[in-house]
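Undergrad: Here's a structure for you.
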Amino acid sequence: MRFIYTALFHLLLPFVLVRLYWRGMKAPEYRKRWLERLAVYNKPYPQQVIWFHAVSVGEAEAVFPLVRLMQQRHRQAHFLVTTTTPTGSSRVKAVLGDRVEHVYLPYDLPSVVRRFLDTFQPKLAVIMEKEIWPNLFAQCGENNIPLFIINARLSANSAKGYRKIPSLVIPALGNVTSIATQTEEDRRRFVEIGAPEDRTLALGNIKFDVVVDEKLVGEGRELKRRLFAGRFVWIIASTHKGEDEIFMMLYRQLKVDIPELLLLIVPRHPERFQEVKRLAEERELNTVMRSVNDACSSDTDVYIADTMGELKMLYAAADIAFVGGSMVPVGGHNILEPLAVGLPVMFGPHMINFKEIADKVLAMQAALQCLDEQHIIGTAKRLHADAAFRERLTEKGGEFLRRNQGATGRVCSILEQSL
């Protein structure tokens, strides 16, 4: 089966590259560093690395505390972090800088994977969440490279898909040293698709171990004082196509009762920055772009954060938060970061990618799920009017995080058994 998979990948590679070029029309970074995706490098790299792979920004943010912990414990080791997206790459460089090497994950073709492994010779390979790459996993097994899938999660739909190709999935998972899942349900699903039961452990979600940089919080508070003084700032974080229009409409309605309201929109993808600006201007909303660095006035309606890597700081500049990707069927985004900053948090009905977190936070009444636009309006009005309610939410949010922390240390311990 892996032979057929590889043959199909070879046939599809030209289309993959065309798609990469097409994406580069809106996000130019996709047109750069193509050779890395084929494991062709223009400079020497250290070998015997401890290698972490995180697809994009969300996975990268989650793995940073683990990388830092491993660096503290293994100061002589070299570290490599790969990503798939340019936004993930930018975040790795911004947070970890030259303390790690970064390249894009190579395509899962035997010769390409072989060049990648020959170049870096990992002594440990750590994959975030749920990516299964048959050729990469096979060559890790052939080269006796300890391979881990950590913070692993698997939805019912994904599990159903994997069960249709057991001759590809089961051998791939057989090369994995250990799988550390977020929940017992994730563990059960991985075992059902062929993961060895004795090597699949439910160790918790490392995203709960979110680290809040007090310096960033201070910068956010200063931004609030300098630009947003006297405004009730509602941050809409990680928005996707179809969501910005919803919140611009809601802003119009809420402004009647909350005249000091300011809508702070943070689009998930940089290629949408100008699109969101256009949407606001079409609705005759007075708009400021963060990159222009214009001061907000009392007439400013919408402040668009068209910069990367500032979300935590911007959370600290807000009064309440709504986490996007949840009003359209994207599956939601990480609600733990605004909770860690101390914000009252709302999210929409579409949270399948964060179902465990959403269920737990709602059970503790530490955040608010809004099922439709009218629900959002009522919730936002209550949060604005009731400071004691906001304070109770932030206290419960902090308690929720504390109760669920510790997975990073547990994962670190199983990784170190292979070093």
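Keep in mind that glycine also has a Cβ here, set from the backbone N, Cα and C atoms.
The domain '3-deoxy-D-manno-octulosonic-acid transferase N-terminal' feature in TrEMBL is assigned to 32-210. Sequence annotations record features per position, and here TrEMBL assigns active site, proton acceptor to Glu59. Positions annotated as site 'Transition state stabilizer' by TrEMBL: Glu129, Lys207.
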Undergrad: Tell me the Cα distance separating the residue listed as 'active site, proton acceptor' from Lys207 (site 'Transition state stabilizer'), rounded to the nearest angstrom.
TA: 9
Undergrad: Can you tell me the three-state DSSP label for the residue listed as 'active site, proton acceptor'?
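TA: Assignment for the residue listed as 'active site, proton acceptor' reads helix.
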Undergrad: Which entry in the list of recorded positions, Glu59, Glu129, has its Cβ near the fewest other Cβ atoms, using 10 Å as the limit?
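TA: Per-residue Cβ counts within 10 Å for the recorded positions Glu59, Glu129 bottom out at Glu129.
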Undergrad: According to DSSP, collapsed to three classes, what secondary structure does Glu129 (site 'Transition state stabilizer') have?
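TA: Once the DSSP labels are grouped into three classes, Glu129 (site 'Transition state stabilizer') ends up as coil.
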Undergrad: Taking the Cβ of Lys207 (site 'Transition state stabilizer') as the centre, how many other Cβ atoms fall within a 10 Å radius?
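TA: Lys207 (site 'Transition state stabilizer') is surrounded by 25 other Cβ atoms within 10 Å.
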Undergrad: I'm trying to understand the geometry here, so how far is the Cα atom of Glu59 (active site, proton acceptor) from the Cα atom of Glu129 (site 'Transition state stabilizer'), in Å to the nearest whole number?
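TA: Distance (Cα to Cα, whole Å): 8 Å.
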Undergrad: Across the whole of the domain '3-deoxy-D-manno-octulosonic-acid transferase N-terminal' (32-210), what does the mean pLDDT come to? Round it, please.
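TA: Taking every residue in the domain '3-deoxy-D-manno-octulosonic-acid transferase N-terminal' (32-210) and averaging pLDDT yields 96.
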Undergrad: Where does Lys207 (site 'Transition state stabilizer') sit in DSSP terms: helix, strand, or coil?
TA: helix
